[in-house]
Structure formats: structure tokens, C-alpha cells
Amino acid sequence: MNTGKAYSAFNNSNGTDLAIGFTSSTVAVLLFGTNFVPVKKFDTGDGMFFQWILCASIWIVSLVVNLIQNCPRFWPLAMVGGFLWATGNVTVVPIIKTIGLALGLLIWASFNLLTGWASSRFGWFGIDPEEVSRPILNYIGAGLSLLSAVIFLFIKTEVQSSSASLESTPLLRERSINVSEDTSDDSWVKRLSPAKKRLIGCSLAVVAGILYGSSFIPVLYIKDHGRRNKTMYTGASQFDLDYVFAHFSGIFLTSTIYFLIYCAVRKNKPNVYPQAILPGFVSGVLWAIANCCWFIANHYLSAVVSFPIITAGPGLVAAMWGVLVFKEIKVILLGLLPRLSCLSLVLGTVRLGIQLYLLDFSS
């Protein structure tokens with residue numbers, strides 16, 4: 001493609017392809033920004049049992065998708081992307097406990113965007129680099145994304161304990177909760193100073209974002225090499241949804257290994273929270289549907305178009321949950337009124353708008 005994949009894809013695609021691509025992106029944004037909300041009001045302990053339940057439900061969704069797709073060829077390399085994602089996912093519960101759902105998602109979404117942009121733009125790890133017709137503007141957009149990520153680090157969060165949060169009505173009602181005597185899984189968080197909470201939470205969110213942003217690289221590698229002759233991937237499917245089962249299998253396998261290691265370290269006495277099973281399952285289903293929509297958007301819009309939309313959008317959705325429902329976000333800015341927490345939404349919106357403009361839709 002002479003003027004860049006994004007520009008050519010936009011001009012050569014018919015209206016149906018664009019409608020499917022942008023609809024899939026919209027659904028992905030809404031579900032990615034919401035998928036952890038069902039579990040927000042429930043105690044998930046140290047998160048290891050929760051992440052295993054979540055990943056199990058993700059794999060079940062992928063099994064259904066695989067059957068719908070008539071069981072396409074399984075490429076083991078795609079499982080590496082699942083490994084990267086699952087490794088980032090084990091940090092989610094500590095992030096939520098230390099800096100909150102909204103801020104955590106804003107930070108990891110920012111670094112997710114930057115990692116995905118850099119790897120596709122420069123062709124890291126053997127994938128084909130994405131050419132753009134206006135590289136200077138593209139770099140400015142990436143720089144503004146980095147700036148917004150830094151500003152997010154100055155957002156103050158007020159994270160309620162699980163017991164306190166249960167006073168409000170959860171999205172999934174609890175019937176009866178059998179809590180073991182050891183309910184002090186939040187104790188390690190309570191022992192931390194506010195500064196250490198912020199440091200740990202923000203650091204984990206950055207690591208999670210980098211891992212998330214790298215998770216699509218194996219699939220892109222297979223697709224790119226599938227278009228070449230005399231490679232082991234020659235003839236590989238160019239339809240992204242055909243890689244969902246392998247990708248999600250990597251997620252579930254990695255999650256299971258981490259959980260078994262955790263059980264061994266705990267001497268076969270893992271902290272299991274029954275009340276987190278149903279919310280965790282629902283959370284996993286929402287995430288799996290969102291990620292399937294992302295695979296579809298990658299196919300119909302190309303990764304360079306879908307990536308900025310889907311990585312920037314969930315931060316806005318999560319921030320709205322944090323501001324309007326959980327009341328956990330405030331902005332530190334020379335003592336201005338707490339309602340300036342809307343600044344985080346504005347920054348995310350500006351970032352998304354600039355990224356969309358840089359895709360040269362109107363060129």
C-alpha cells in the first residue's frame with residue numbers, strides 16, 4: 001500500500017465493512033470500560049482465584065467462537081499473546097485495591113495504546129511496520145498520549161474498602177456470603193502509606209498496559225508472515241477472529257499455571273472467595289466479547305485504526321463509572337473544586353480525537 005495501510009483500508013472498504021468495524025469498536029470500548037464493574041463491590045481477596053475464574057469464562061466464550069468459526073487451524077504462537085495478557089491480568093486486583101478501577105484503567109489503557117502504536121508503527125518483533133502519510137502528526141499524537149498518561153498519574157483516588165463498598169447496591173446482588181475467618185486480604189493494602197499505594201498501583205498499571213499492548217503481536221506476526229512465501233505460516237488465515245481460540249487458550253493455560261503456583265506457595269490453602277465466582281464469570285464474559293469485537297475491528301478497520309479507538313475509549317467509560325457511581329476520582333490541581341475530576345475525561349477525549357484525526361480519515 002503506497003500511502004499507508006490505514007488510509008488505503010479506509011478508501012477501499014465499502015460502507016458495510018466500515019459499519020461493522022466501528023460498531024465492533026464501540027461495543028469493545030463499552031465492554032472493556034465496564035467489565036470489571038460487576039466485581040467492584042465484591043471482595044476478591046488477593047485476586048488469584050478471581051483471575052482464574054475470569055480466565056475460565058473467557059476460554060468458554062472462545063470455545064463457542066471456535067465452533068462458530070468451524071474450528072480454524074490452531075496456531076500455538078498465538079497463545080503467546082494470551083500469556084502476555086494473562087500475566088498483565090494478575091495485577092488487576094492489586095491495582096484496583098491501591099489506586100482504584102478508574103485510574104488504573106486510565107493508566108494501563110494509555111500505556112496499552114503507546115505500546116500497541118509503537119510496535120505496529122515501527123514493526124517491532126518481526127511484524128510489518130505500519131506506514132502513515134503524516135508521520136510528524138502521528139508522532140505528535142503519540143506524544144500527547146504519553147502526556148495524558150503522565151497527567152493521569154496526578155489524579156487522586158479514594159478507594160473504599162470492600163466492606164464499605166458493600167453498603168451500596170452492587171450490580172449483582174449478594175444472597176448469602178460465606179466469609180472465612182481470614183478476611184484480611186486487604187490488610188497488606190491498609191498497611192501501606194498513601195505514597196506507597198500510589199507507587200505500587202501506578203507501577204503495576206504501567207506494566208499491565210505494556211503487556212496488554214504486546215498481546216496482539218503474535219497474531220499480527222502470523223498474519224503478516226502468512227502473506228509471504230516459504231514461511232511456516234504461509235497461507236495462514238487473514239481473518240483475526242480465527243485466532244481467538246488459540247489466543248484465549250493461552251490466557252486460560254497461563255492463568256491456570258499461575259493459580260497452581262499460588263496454591264503451592266500457599267501450601268494448598270488458597271484464599272477462595274465464593275462470592276466472587278459469579279461476578280468474576282460475568283466479568284470474563286464481558287471481556288471476552290469485547291476482545292472478540294476488537295479482533296473483528298482489526299480485520300475490518302486494520303489494527304492501526306482500531307487500536308487507538310479501543311485503547312483510549314475504555315478509560316473514558318471507566319472514568320465515568322469512577323466519577324458518577326463509585327465517587328473514587330478527584331483531581332489534584334492547586335486546590336480547585338473536586339468537580340475538576342472531569343479533567344480526566346477531557347484529556348481522554350482529546351487524546352482519542354487527535355488519534356482519530358491522525359488516521360487521515362479526511363485526507
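Glycine is treated like the rest: Cβ placed from N, Cα and C.
The transmembrane segment feature in TrEMBL is assigned to 18-37 (among others).
According to TrEMBL, the transmembrane segment annotation covers 49-68 (among others).
The list of residues near the transmembrane segment (74-96) in space but at least 6 beyond its ends in sequence, with Cβ under 8 angstroms from a Cβ of it, reads 36, 40, 44-48, 50-51, 54-55, 104, 108, 159, 189, 200-201, 204-205, 207-212, 214-219, 221-222, 233, 236, 243, 245-255, 258. Residues or ranges marked as transmembrane segment by TrEMBL: 74-96 (among others).
Under the heading transmembrane segment, TrEMBL lists 103-124 (among others).
Residues or ranges marked as transmembrane segment in TrEMBL: 136-155 (among others).
What TrEMBL records for 199-223 (among others) is transmembrane segment. Within the same chain, residues 75, 77-82, 84-85, 87-89, 91-92, 94-95, 97-99, 103-104, 107-116, 119-120, 124-128, 153, 192, 233, 236-238, 240, 243, 247, 298, 303, 311 sit at least 6 positions outside the transmembrane segment (199-223) and bring their C-beta atoms closer than 8 Å to a C-beta of that stretch.
Taken from TrEMBL, the feature transmembrane segment covers 243-265 (among others). Nonlocal intrachain contacts for the transmembrane segment (243-265), taken as residues 6+ away from its ends with a CB within less than 8 angstroms of a stretch CB, comprise 48-49, 51-52, 54-56, 58-59, 61-63, 65-66, 69, 71-72, 74-76, 78-83, 85-87, 89-90, 215, 218-219, 222, 237, 288, 291-292, 295.
Residues or ranges marked as transmembrane segment by TrEMBL: 277-297 (among others). Counting residues 6+ beyond its ends, the transmembrane segment (277-297) has Cβ neighbours under 8 Å at 20-22, 24-25, 27-28, 30-32, 34-36, 38-39, 41-42, 44, 50, 53-58, 60-62, 65, 170-172, 240-241, 243-244, 248, 305-306, 309-310 in the same chain.
The annotation transmembrane segment is assigned in TrEMBL to 303-324 (among others).
Residues annotated as transmembrane segment in TrEMBL: 336-358 (among others).
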